[in-house]
Amino acid sequence: MRSHRRPRLLAPLLLVPLLAGCFASGGDDSASGGKDGDGARLRVGLAFPPAENLSPYGADATLLSRLGVTEGLTALDANGSAAPALAESWRRDGDKTWEFTLRDATFQDGGEVTPAAVAESLRHATDAEPAPAALAGVELDAEAGGDRAVRITTAEPDPVLPLRLSSPSLAILSEGAYGKSDRVDPVGHATGPFELTEVNGATSASLDRFDDYWGGRAQASGIDARFIADGTARTNALRTGELDIAEAVPVAQAASLDKKTRRDTATTRTTSLLLNASAGPFEDAGLRAAARGALDTSVFAEDVYEGYADPAAGVYGPAVTWAEGKRTAPVGRAAAKKAGGATVNLATYDNRPELPEVAQVVKQQLEKAGFTVKLTVREYSRLEGDALAGKFDAFVLARNTLLDTGDPVAVLAGDYTCDGGFNIAQLCDKGVDRAVAEAEKIADTAKRQDAAMAAEARVLGSDAVLPLVHQRVITGVADSVQGMILDPYERTLVGTGTRR
Amino acid sequence: MRQRVATLAWRVVLAAGLVCGVGLLPWLTRTDPAYTVLKARSAEREPTPEVLAGIRRQLGLDGGPLHSLTGWLGGLLRGDAGQSWISGGDVLPDVLQALGASLLLMGAALLVAVLTAGLICLRTLRLGARRRLGGRRAGGGVSAVLASLPEFLVASVLATVVGVQLGWLPALGWYGPQWTVLPALALGLPAGAVLGRLLDDLLPGAFGEPWALAAAARGLTGRSIARQAVRRCVPALLPNLGLFVVGLTGGAVAVEQVFDIPGLGRTTLQAALAQDLPVLQAGTLALVLLAALATGATRVAARLLTGPALRDGALSSLHRPAPPAGGLLPLLYGLVLLAVAGLGLTRDPLALDTGQRLRAPSLDHPFGTDALGRDLLARVGHGALDTLLLAAAISAAALLVGVLLGLVPRVSAPLVDTVNAVPPVLVALLVTAVAGSGAATPALAVGAVAWTPLAAHTSALLLQERATLHITATKGLGAGRVHLLRYELLPAVLPPVLRHALLRLPGVALALASLGFLGLGAQPPSPEWGLLLAENQPYAERAPWAVLAPAAVLALLGALAVSAAGALRRRSPGRHPGTTGAGKSGAGERRPVARAEREPAGVR
């Protein structure tokens, strides 16, 4: 009897080879190379897995640009103006045409970056469906304009075209990236310092250094990127030494990292309380003013964000470096009325863990001032539709103020004008509309910024938006890593100088 | 044979209905799939009409729901499950890979669960083998506490303590055998505790059966008697084991998140939220198939274990002997719970003081404060009433439905499998589609699933009970079906199922809270217990008390439920009906056995 049993017990062992297929591929630490100086691979933990097979036209574009895979014709510099990238220089030629002069660069598949290839790549972007966000409402035509020049013509005058082209979704890819199907494949077809070699679905990706990069060879020999959606899990991976860089450490986890390991940068993201200006209690400007008076914004940055945020100054925070010097006082504020028990439907989403906490503090502060507040918290995609339809009286929103184009006016036009596509505050104010339209026409960077600040003063004057904090992003960086790029626009993370 | 065909047909109808229901989800919930797909691809993108129209064209949504559904089904016949609406990648390889990871995780978790269940029953088995069960007091506090621990809490504690601080095992990823240990523990411990309690509940009855006495008298070793007792009791649990197999495969979202495992739970959750129908349909179909397989396997196993006895009606009733009365435990648990609630009620659960955030327990704040500086004792106390009332109401309804449907296994068994195989978030979405997002919806969504293990348990017990000698005898004396049910079957089946329902009460409270992100159920700043656990989980490492307080009261509730069920058990034999002749004969046949059980020590 016993002798019969033994082979039966061993039988499951036959399944062992099958099990190997049930584990995720990647994570092979032996491939990470020698740890001594040049040649070590970087292990990076990213928060957002590829959503669309790394299509450059959606949110994955940011991911590609953060890992140093793709580049556009231009980039954003620290002051938020367009800086040279694949284009060395540019000039405006008439109202609707811009001419970009290309630098000597090669694609990762060996081809040269020619004007024809650039024009073709941009044409694919304009044909994409749905169109990339940076091109929303813009008609654009690109053609080779000589040996090293690309001429881009727009249907309407576009003073911010160089800024627009810095968008990661307008990255330049070689002809090989565009197959017969709709799918665009950036693997091995981009121009950045790192080249994608392998993508394991939404789990991990491997990158190798691109030796012929125009900006010089990168110091790290490659990158092993892992996509870890859970913030605590990402932080844990950094703490156990499985990662060198962990993106977007949640505020609640920051304290578990060493002081040296956590680096924080101001971002262009502002958390604000939006008040519905066309229905409900906050239709009354006096009650909006009362709500503004009720808020004590000092506690948000200090306590809820544990210091990883700056107290709100306006729509644009300290990451928009020029804003502070040009800010003017809000225009046309109404006098505050008594709240008198008005009922307020407050809503926010839990995809960012701090927002429900912010909303609960807001709730208490408003209640102290005499409002009655009902709070709704849902997942973002289950909430946004109702918010845009104006079903809530107040909404706590974290919003990137430089959007896809890097143009400061775009967020004002989208969020606070009558025709704005993202007008959760339901604001429709002639003064604001006029000021925004004024700013949209200006091409000169400095003057455009001045006009944007004048429009901001109008928007703040309406009290439809009450900025609470300007967020800082915490990046976990292991001690051994040097040359990290902490980008306020969250478009780059790893560069040629990053190494461990 | 005809019955089998009918059951199979019913099973196919249910599966088809489910897949079609999933296919029609956007139209049932009146949520535009183009919109949810856009948000899944890029949350910050403005949903302008042009963008939405572009996505609709891209996905071929213009033809309406039937067009998409028939297209998908047609492709399925050719072995093509379509392309994901979000990523555009092929669905089948992705879903199969996720299924592989989930099955492996489930297998490891099942191993842990079986070991846990074994440990829990160890004491009963030892005592039973030595025939010393007579005087023992009902224990089970530890297993009840373990059963009421939320998976996500166990997972994050294991990841932080074992994975990060001690560094014994990898805390993250899914790359090889050592990565499976912690997730398997997190899933397997609570599941094993439930199974162990259920088994432990049945074992004394088996040890009390005449054969055990005879075997002991004949000189068989305690070990082999114990083995036979387990063999006697396991068939009643097999259906529940099957439910765990499927539930752990498709519903391990929290554990998959904490340990970053690319499993089916996360895949279907994301697909359900984004209404990525091809992925959701494929994932659901895979789970339904797995459920059918698991049911088949448990049937075969049950037949192997007790087949001949079932066929010949040669079993006896698994009634455990009455343990001695007494045991102040339920009273003690109840008093502690009451005291916490009472003390908490005198404080303000909503008063924020961000300057006092995450303070350790002190005289001012006996349970400490949470991330917004609110007093945790107050929150736990104020949450008690809401949590308990709602969870108790849902459990009672689930018990009623579970027992009723469990009585007609041919109808309910396929229904149980199918409902259990559906990922919880999908159930919630489907319930919302039917019932709207009213106040009762979260209760309905949780209740829609909560009855399934109880129905499975009822059916399994009923099957065994029907094969007992006393039923044959009662039938022989001319008792009708209603009489049999009322006086013989139900009194035998109800007590264990009731104890099972009580064991799952804390789980119901947690399930309610897990629907919050859909906008269902309690919303912050409500101090509902599940919500308390969820909102304090990110701070578990820095402020352990913030999760410990709600977890402890939940565990206390579990212990209370189980020990109170022990008290119920004590009363039930005395209530045995004896109004009619047939009833008397049934009882009369059982009594001597029970009496024999009570004096086992004297036999040797």
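Note that Cβ sites are derived from N, Cα and C of the backbone, with glycine treated the same way.
Residues or ranges marked as transmembrane segment by TrEMBL: B:12-29 (among others).
The transmembrane segment annotation in TrEMBL covers B:98-122 (among others).
Per TrEMBL, transmembrane segment is recorded for B:143-168 (among others). Sequence-distant neighbours of the transmembrane segment (B:143-168) (same chain, 6+ residues past either end, Cβ-Cβ under 8 Å): 116, 120, 182-183, 185-187, 189-190, 192-194, 196-197, 200, 252, 254-255, 257-259, 503, 506-507, 510, 533, 537, 540-541, 547, 551, 554-555, 557-559, 561-563.
Positions annotated as transmembrane segment by TrEMBL: B:180-199 (among others). Outside the transmembrane segment (B:180-199) by six or more residues, the chain places 104-106, 108-121, 140, 143-144, 146-151, 154-155, 158-159, 162-163, 169-171, 174, 230, 233-234, 236-237, 240-241, 244, 248, 252, 255-256, 258-259, 261, 457, 496, 499-500, 503-504, 562 with a CB less than 8 A from a CB of the stretch.
Per TrEMBL, the feature transmembrane segment maps to B:237-259 (among others).
Marked as transmembrane segment by TrEMBL: B:279-302 (among others).
According to TrEMBL, the domain 'ABC transmembrane type-1' annotation covers B:384-566.
TrEMBL lists B:388-408 (among others) with the feature transmembrane segment. Within its own chain, the transmembrane segment (B:388-408) has Cβ neighbours under 8 Å at 415-416, 443, 446-447, 450-459, 462, 485, 490, 493-494, 497-498, 501-502, 504-506, 508-509, 512, 557, counting only residues six or more beyond its boundaries.
Per TrEMBL, the feature transmembrane segment maps to B:415-437 (among others). Long-range contacts of the transmembrane segment (B:415-437) within its own chain (CB-CB distance under 8 A, at least 6 residues past either end) are made by residues 11, 14-15, 18, 21-22, 25, 28-29, 239, 242-243, 246-247, 250-251, 253, 265, 268-269, 272-273, 280, 283-284, 287-288, 290-292, 294-295, 405, 444-445, 448-449, 452-453, 455-456, 511, 514-515, 518-520.
Panel annotation: around the transmembrane segment (B:501-523), residues 144, 147-148, 150, 194, 197-198, 386-388, 390-392, 394-396, 398-399, 402, 424-425, 428-429, 432, 437, 441-443, 445-446, 449-450, 453-454, 529-531, 533-534, 554-555, 557-558, 561-562, 564-565 of the same chain, lying at least six beyond its termini, place a Cβ under 8 Å from a Cβ of the stretch. What TrEMBL records for B:501-523 (among others) is transmembrane segment.
According to TrEMBL, the transmembrane segment annotation covers B:543-568 (among others).
Feature annotation from TrEMBL assigns region 'Disordered' to B:570-604.
The annotation compositional bias 'Basic and acidic residues' is assigned in TrEMBL to B:587-604.
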In the same chain, who gets a Cβ under 8 Å from the transmembrane segment (B:12-29) while lying at least 6 residues past its ends? 36, 65, 68-69, 72-73, 275, 277, 280-281, 284-285, 288, 292, 414-415, 418, 422, 426, 429-430, 432-434
In the same chain, who gets a Cβ under 8 Å from the transmembrane segment (B:98-122) while lying at least 6 residues past its ends? 140, 142-143, 146, 174, 180-181, 183-185, 187-189, 191-193, 195-197, 199-200, 203, 230, 244-245, 248-250, 252, 255-256, 261-267, 283, 286, 290
